[in-house]
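S.K.: I have a structure here, written as structure tokens, and I will follow up with some questions on it.
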Amino acid sequence: GERGAGGEDEAARKGGALSGCTLSEAHGTPHLYLLWASTGALGITGLPFLLSGQFMVNDVFGGAALPASVIAATAVAFPGMVGGANMAGRLVWGPVSDRLGRGATFGAFGVLSVPALLSLPLATSMVHAEPETALALFKAASLTAVAVFAGGPVLLAPAVVDVFGARDATAIYGRLWMMLPAANFFGATLVSRVREYSYSKHALAIAETCDEAAFTATFGAPPAEAQSLIASKTVTLPLLLTIAPEGTVDPSPLLYDDAFYTLAGFSALACVCNLAAYRLPRPLRL
């Protein structure tokens with residue numbers, strides 16, 4: 001088919017890979033490690049929504065001023081929505097890259113994914129004041145991030161040919177592909193751990209504002225032991241809010257904010273590594 005502007009023809013014009021590198025030669029270039037890092041970083045960004053999206057919706061919007069039926073329906077439908085975004089990304093990004101070129105498409109990944117992930121904390125901050133807007137923004141940003149995540153595996157094989165040529169592309173591609181399962185597992189684990197950290201942080205902050213006598217009566221221990229009580233799940237946010245000072249805002253919508261910022265950082269890293277792999281002089285192998 002017709003090559004995109006970022007394809008192998010462009011690589012050849014820039015002194016790029018022609019017939020190709022062997023696997024051992026590829027290991028001696030920075031390009032392999034840049035693509036390896038970008039594959040892993042992008043693989044981290046989308047899977048948490050596929051695996052934990054329903055829990056995210058319940059955590060973020062469970063206390064919102066929305067009908068319970070709306071929240072429940074959204075939580076049930078959300079896995080299907082992100083699954084659809086994942087499938088759409090797999091179908092769309094190949095033809096897009098044929099027109100724009102791989103390098104430009106990888107740049108588009110960053111332009112779309114990083115702002116989308118950074119807008120998620122904005123959505124969570126609006127849950128109490130503007131729940132309908134917050135929910136719409138949350139869904140749009142999540143689906144955008146997943147659609148971009150889906151494009152990574154689609155473009156990996158042609159990117160290998162662009163950068164290293166066709167000679168040993170299958171072996172090089174296989175080496176890079178090995179990063180994806182580890183990245184997917186790490187991404188899901190990372191979000192879970194960061195959420196736990198955020199939960200403890202917010203719970204401890206509220207515990208410090210509670211009346212000492214009320215805290216001790218409720219949990220059977222003084223506030224000085226709040227950290228261990230939170231870790232053992234004796235102290236929970238719903239229970240804390242019953243004895244917190246009047247006007248204390250439920251921080252549940254904010255529990256994933258640190259995770260969203262972290263995912264945005266990984267998405268930015270993937271974009272930078274991909275662009276660097278395309279802009280560095282290619283290894284010339286006849």
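Heads up, the Cβ atoms here are built off N, Cα and C, so glycines get one too.
Caution: TrEMBL annotation is automatic and unverified by curators.
What TrEMBL records for 32-51, 63-82, 103-123, 143-164, 176-194, 259-278 is transmembrane segment.
Surface or core, plus neighbours and distances: that's what I need for these features.
M.R.: Beyond the ends of the transmembrane segment (63-82), by six or more residues, the same chain brings 49-50, 53-54, 56-57, 127-128, 131-132, 134-135, 139, 142-143, 146, 250, 252-253 to within a C-beta distance below 8 angstroms of the stretch.
Taking Cβ pairs closer than 8 Å, the transmembrane segment (176-194) reaches residues 32, 35-36, 39-48, 51-52, 153, 156, 160, 256, 258-259, 262-263, 266 in its own chain, all 6 or more past its ends.
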S.K.: Pairs of Cβ atoms less than 8 Å apart decide it: which stretch in 32-51, 103-123, 259-278 has the most with the transmembrane segment (143-164)?
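M.R.: Per the Cβ count, the answer is 32-51.
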